[in-house]
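The following features are taken from TrEMBL:
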- 943-958: compositional bias 'Basic residues' (COMPBIAS)
- 6-58: domain 'P-type ATPase N-terminal' (DOMAIN)
- 684-932: domain 'P-type ATPase C-terminal' (DOMAIN)
- 943-965: region 'Disordered' (REGION)
- 985-1039: region 'Disordered' (REGION)
- 212-235: transmembrane segment (TRANSMEM)
- 255-280: transmembrane segment (TRANSMEM)
- 715-736: transmembrane segment (TRANSMEM)
- 748-768: transmembrane segment (TRANSMEM)
- 797-817: transmembrane segment (TRANSMEM)
- 837-855: transmembrane segment (TRANSMEM)
- 867-888: transmembrane segment (TRANSMEM)
- 908-931: transmembrane segment (TRANSMEM)
Amino acid sequence: MKCRLCTNAIKTSKYNLLTFLPLNLFEQFQRIANAYFLCLLVLQVIPVISSLSWFTTVVPLALVLTVTAVKDAIDDIVSTNTNTQNLLLLSSSEPLNLVYIETAELDGGFQKMLGSSVLCHRFSLSLSLSLSVGEVCCEAPNNRLDRFTGTLVWKEQKYPLDNQSVLLRGCTLRNTEWCFGMVLFAGPDTKLMQNCGKTSFKRTSIDRLMNVLVLFIFGFLVLMCIILAVGHGIWEYYEGSKVTGFVPREESRGPALSAFLMFWSYIIILNTVVPISLYVSMEVIRLGNSYYINWDRLMYYNRSDTPAEARTTTLNEELGQIRYIFSDKTGTLTQNIMTFNKCSINGKSYGTSLLEAVKLETEEVHNFFRLLALCHTVMAEEKNNDLVYQAQSPDEGALVTAARNFGFVFRSRTPESLTIVEMGVQRSYELLAILDFNNVRKRMSVIVRSPEGTLSLYCKGADTIIYQRLHESCSKLMEVTTEHLNEFAGEGLRTLVLAYKDLDEDYFSEWLQRHHEASTALEGREDKLNELYEEIEKDLLLIGASAVEDKLQDGVSQTIEQLAKADIKIWVLTGDKQETAENIGYSCNLLREEMTDVFIVAAHSTEDVRRDSMELEFLRTACMCKTVMCCRVTPLQKAQVVELVKKYKQAVTLAIGDGANDVSMIKAAHIGVGISGQEGMQAVLSSDFSFAQFRFLQRLLLVHGRWSYLRMCKFLRYFFYKNFTFTFVHFWYAFFCGFSAQTVYDQSFIALYNLVYTSLPVLGMALFDQDVNDGWSLEFPQLYVPGQLSLYFSKTAFMKCALHSCYSSLVLFFIPYATVYDSMRSDGKEGADYQSFALLTQTCLTFTVCLQLSLDLSYWTAVNHLFVWGSLGMYFIVTFTMQSDGLYQLHPPSFFFVGTSRNTLDQFSVWLTVFLTAVLCVLPVLVHRLIFIQFKVHQKKDQRPSPQRRTKIRRSSTRRSGYAFSHTQGYGDLVTSKRFLRRSAAPRSTGFTPKGRSPGFKPTGRSAGYSPSSKAQNNKQEVEPTELQQYRTVQDSTF
């Protein structure tokens, strides 16, 4: 199959230099308000209908578009890597062309070993580089990380290609100086990028609601303008001819045409019902709340010098509405650190007493650690006179490290032998076969011959698998070991059962011949090998069981408990095996022993799950569960699970991960969070927010997210209130001015109302307000629930705000109207003039909106005081200045309100009117809050809360993990293929003395933590378990 291949450039940004302007403008004009103001601009350039200058719309619109474009450009960090191909391995610096890779960014895995199955050791580098005369035929680009099919034709011979011959983008070369390869796929065609999904424009639920509300507001605006235009037509028909001496008009313009033109005039006059400054203010608020996240010292991780980072400034309030969290496991919940903790040997459980048993040279104990030192595929090398293990999984590394610390040191290996040091004595075992691990077998075995000539099979694996293959004489020992396994699993440890058997030489020789025939078969190779493995791995003798602790990150359990109290559902999506995920679930309190019903949805492919509406059945079943853990999922399947919940649950989702295998779900979720851990920066570069530890997630959501949502909702409610009130007064005034589109306010007040008089107070509220401090937000996670239910701002809240504005506008118009109607000033002059009425109305409005904001503020700071009282002071300063004699003398046509302020504001009745209107406008709010508080107090008196206690719980479990060997089949066949050979280590005279030990062996007790990165490990921190979250069953009406 021929297909067009891509270059090796990978771009995870949304824009480039050519597409930025059109794409960004297209994205911005998806906001209906921006499109509305563009249409308004077109209307304002028509002189016959416009009573306002065109620049009053152009300047703010251009400002909005520019500020937003600059912010989007900063957010869109270009991440392009030009060395990002899938390679066919040809040769390397290692003997027999081996390479060691770390696949943490691909599948959460660790050190693995690959070998060129195409080019054996007889090929030199020069021959490898002459491969240009050959041809590779392979599959088309796809997203299958675990499979590759191809054929190499070279020198008229065909060589099969499989996944063990390919270096994928995302893997990291370890312990290999160099390698050469042939590029198979590049750029977007690589398997990792095929799993990443597309970058989409993310908008908050408030943004989407705003689009709907703007449509409604625009429709309401059209309705008001139609009413006023009809009113104008009627007035023109009956009264227009009577006022021609005062209002000249063209004779050719009849009432109908005049009403049509007046419709567009009122569209312009009443445009403040959808203020363009709203979107500018929203961007400023989001930017400010983003900086709060960046500046939060409590989300700073000192060990890696990593602060929290808001990588986008458009999604802050969405953090306060999360209902589903989708989390990776490896590196996100865990530290990638494994520690040998306890064991059971010959029916006896050992903890700290294991050291004494080793010193006593008990045969069963020695046999236990001998198995750990022999049954594995770990590679050993010396670095700076220290022995370093490269393991296929952290569990395997921890067990071999434990054997070393208790005196059984794995020293080196060749394809035919294993060299270990037993209690200071070096011994070499002949390696005859490795029966490798896979997901079906859930065990691995090695067959070795001791220096004394004894032929033995050592096996380790999941308890349920090993127990089926034990000799009947082990039944009593199995019962005791099972009790120990339950205790270990109850402590959240990962368990593994060890067994062995001695083999007959004649039988093994015959079995080995059949094994060779099966391993070279072209058809049914895997099934034939599995049959042989089943045959020889039976009648085993039980040795005991090991218990390894998979270290969680600090605070994971407490974080999950807090988020659960906030009614946030946490789903774990991992490429790990089921047993491993279950143990992590128990360790972090996602799974508990009282959860007796377990649903397992299994399928061999994505298509099997998605056929016959199985995805709906899966979702329905998952939503009935208290905990959901999806195992063995590919990166693309992670994204599909997220999309499934988004589509059918209509809930706000968050995805969190630390590797490149998490990028697809990070992009698919409403909010993507990247953890900057040991798996590279791909997840961080694709995320919306990032930090170093999972525990920071609770502060991001329960503090910053809740505050951002609350502030944005308060801001929107107040902003709509003040602008609706401002605009509706124009509507009522139209009935008293002949529907002539005359403004009720001074022109300068109209221009400065949103820009100067009311902008800073509402921004201060939206940036500094707190209903409770961060400590109470974390202490009472239930405060997060209103955000999930969109209680603070919704269509209902918007309608309440509109009704309140309508009421306030009536008060603000008719009370000042009644005050100045047929009134007399204290100096005996008439007070019923247009200028005095306009000044009184706008003064009442300014005081009213400031009083309303004061009631909405929960947390007064010095900045809030400055903004509120400063804005009121600025109103009077600007008003007296604009109505002064000096400005009037400079340009009389522009300042016709000269002297109005000093002649009006010195009247006692004016200030009494200001006080009365302000009180009447906020009275409904005060009454509503009083009734609400009384209702809540009465409701709480009727409730009798039961006392809660935090108890330390000891859990005993029957669920035990098998062994988390690897995410794919092991490389036992590669170890024994004679195609690998590490450089020979320097010979030792007797035994190996690890760095830091004195000559002569001294057991050291528990194993130190093993990390695949070979970094220094953190000491174990004992954290007292917190109170278990009590869940309740919720019937979902969606299904």
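Glycine residues also receive a Cβ, built from the backbone N, Cα and C atoms like all the rest.
Same-chain residues lying 6 or more positions outside the transmembrane segment (212-235) and placing a CB less than 8 Å from one of its CB atoms are 31-33, 36, 255-256, 258-260, 262-264, 266-267, 270-271, 273-274, 731, 734-735, 738-740, 795, 798. In this chain, the transmembrane segment (748-768) does not touch the transmembrane segment (908-931); fewer than three CB pairs sit within less than 8 A of each other, excluding pairs fewer than 6 residues apart. Beyond the transmembrane segment (867-888), the same-chain residues lying 6 or more positions past its ends with a Cβ under 8 Å from any Cβ of the stretch are 746, 748-749, 752, 756-761, 763-764, 839, 843, 846-847, 850, 853-854, 894-902.
On the 0 to 100 pLDDT scale, the domain 'P-type ATPase N-terminal' (6-58) averages 70 in this prediction.
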